[in-house]
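What Swiss-Prot records for 374 is active site, 4-aspartylphosphate intermediate. Taken from Swiss-Prot, the feature compositional bias 'Low complexity' covers 1-13. Swiss-Prot lists 32-50 with the feature compositional bias 'Acidic residues'. Residues or ranges marked as topological domain 'Cytoplasmic' by Swiss-Prot on the basis of sequence analysis: 1-111, 156-279, 351-711, 777-817, 875-916. Residues annotated as topological domain 'Extracellular' in Swiss-Prot: 306-320, 735-754, 844-847.
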């Protein structure tokens, strides 16, 4: 046991001898999270920072400036140990401006005018022109007012909601760490100027073009946003790094050579606009609905024209019929109401600390069926505490702790949770703490997700060069084994301890070191725990009731992951990600790999590629998948997922790739946002069903009335019906919508089926009203007591159409969900106005009795009940859904063969890459 003896000797050389028993006694209690501890740790880090031996950067060399507006070479010769002074920063900012692209400020006039553009708006504008041609100035004015009203409401609501989101987005602004006045300072990215000495490290989004000036620097930089190249590019001293690139590995200093529009990206406007806030699938849905409704309008007009020509109607009469059908057949408020609903929803989510990067994320989050969640910080507290260490025979725990802390970051900003836990635990290791600051760090290599280790080369007070390593226990053990054989009893005891810690839910970190040119020494294992958040188990149960399946993806060992999953109630089907066999190995057929992923509760020891593959497999099985992440290596899977979620504290790269950025910690924030997104989606869905049914209602009724009886409803009343339909439902964006207990999607066949049937029932109710007024005494028939046909029909149409929204907005019977006061008030106001129209005979002359009005209200309520019963039956009918849409077919043999083929190709491709 030569290595043990050496370790013991080393301990004696650096520490006064302390018995392991005493050391263990002091470390058993968990560490409290108190402010004074954080202050003590910050003071220690500041002391360590002042001795940063690993930031030994050299003066930069002359090189080509990186911008369309060249920066003189003399401005790029900044002292790399002192940086710029405040006066130099001010002068350069005055000359070169802020480090930001010149944004084309959105022209508010053009933005407002955009609400008059679109297929539906064009039809209404054509209707206005037609009304002007008929010299029907009342209809012309009302149609124009309707277009203007929808534009104003949509513009104001979206502007207000956008302002709320923009305010919170400012908190996500990129930061930069620069060397100024001899000190590292964090500034906003736009404040960087040419000649600044910029510090970059893993996870940094580079804010401006620059050239690396650190000797022996090694960075891996993701330039996919610029070049489209998926693999990271290696960078060394003298190489240029471009703005918007992400550092995936390493750390270095660089001198800024170009900022703002003078950067490589700034000279390519198309790249600047690459990250547009798309509106997603719902825009396609609206366009499709608008197109179908236009086709139905045209078909109805053909019927009307044929019947009119057959009766030799005048051209003016035909144009009046055309105008009536056009106005009622196209829902002019549809785009504005849906966009407003989404924008208001985004603002509401922002208040709940969920920043929506693009509106389409709301829709996709509402439909998510599987959430692939990382463990640390989302399911757990991300507050590690250390337990009693396992030391190899002859090793002092103080020695183990000192080595582990030497292999830790010495920067206050960006220090990870593991290093923070070790530094906090130094209060239990006074001797290690007392000598830690006497060591000078020569090299520091941050955590490498491939080797799963972090290492540092330090210089001891005695001048000895020591290499310290901590990381995944088996990876550290492998490092020692590659240097020299480890005695079987030590190897066995070490591995057994790793397994024991894992079964107890501890995450283990192996610690080893090498003195000078000597052999590697294995020192022991430090167990740490990251307990589940207090609300995680409850939230997971709630997620299950919402039809959401959660799969845990973690880099921890299988035992730890399985124990954590068991504690949280996720299940124990947690496997090593290598079993996927997508890394060039494995014999499982492709279809079985897909089944395996589908059935698993989670995967452990995952690499970024595993996360990407899991998301891809689930998507190919037809699931909508959300993925959480926080690191730069999570960016590919965040982009691949239907909804990429950057959790609290995520790196700039992860935030840039995500669809939604959370400022609040934990799974509960995500589930709250999911419920809210389902509410928003439900509002949109309810309004779309409602609005299609209204259009079909009057197309069917007026088409039949004109074709059979050669007459139509008064044009002014038709226009007011269209106005009332839109005004009443503008408040849908603020409705107390219920959220679905299952993931929601645009089931368009079922949506159209329900809308058509509701439209037919509405048309039948209106036809009954019409026909009962055509019989009986000269004062009217069964429904009408006395008065005119047009006002009575107007009231019946207005009431039944307005009340329909109370039916479509509910997830069950219409009485199961109470609407908001805004929606109820808007509907009531419109009903009162429609009633006054009828009583006083506005626009058509002739009054209608109160008795007739009461009869219409009673009859309309009867229609409302029939509609409510029909919608409730259709909504929950699997048979109707199968008839209209059909369920997804079961995976057939052809599908499984394709999956086998795809996985085989992936394995062959990976094996080829390894062999080459």
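The backbone N, Cα and C atoms fix where each Cβ goes, glycine too.
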Within 10 Å of the Cβ of the residue listed as 'active site, 4-aspartylphosphate intermediate', how many other Cβ atoms can be counted across all chains shown? 22
Chain residues in Cβ proximity to the topological domain 'Extracellular' (735-754) (below 8 Å; excluding those fewer than six residues from its ends, i.e. six or more beyond): 281-282, 285, 288, 292, 366-369, 545-548, 624, 675-676, 678-683, 685-686, 688-689, 692-693, 809-811, 816-820, 822-823, 871, 874-875, 880-881, 883-885
Quickly jot the same-chain residues contacting the topological domain 'Extracellular' (306-320) by Cβ under 8 Å, restricted to those at least six beyond its ends, or write none. 130, 133-134, 136, 706-707, 710, 712, 715
On the DSSP side of things, how many residues of the topological domain 'Extracellular' (735-754) fall into helix, strand and coil, could you say? 7 helix, 0 strand, 13 coil
Mean pLDDT over the topological domain 'Extracellular' (735-754): what is the value? 84
Going by DSSP assignments with H, G and I as helix and E and B as strand, what are the residue counts for the topological domain 'Extracellular' (306-320)? 11 helix, 0 strand, 4 coil
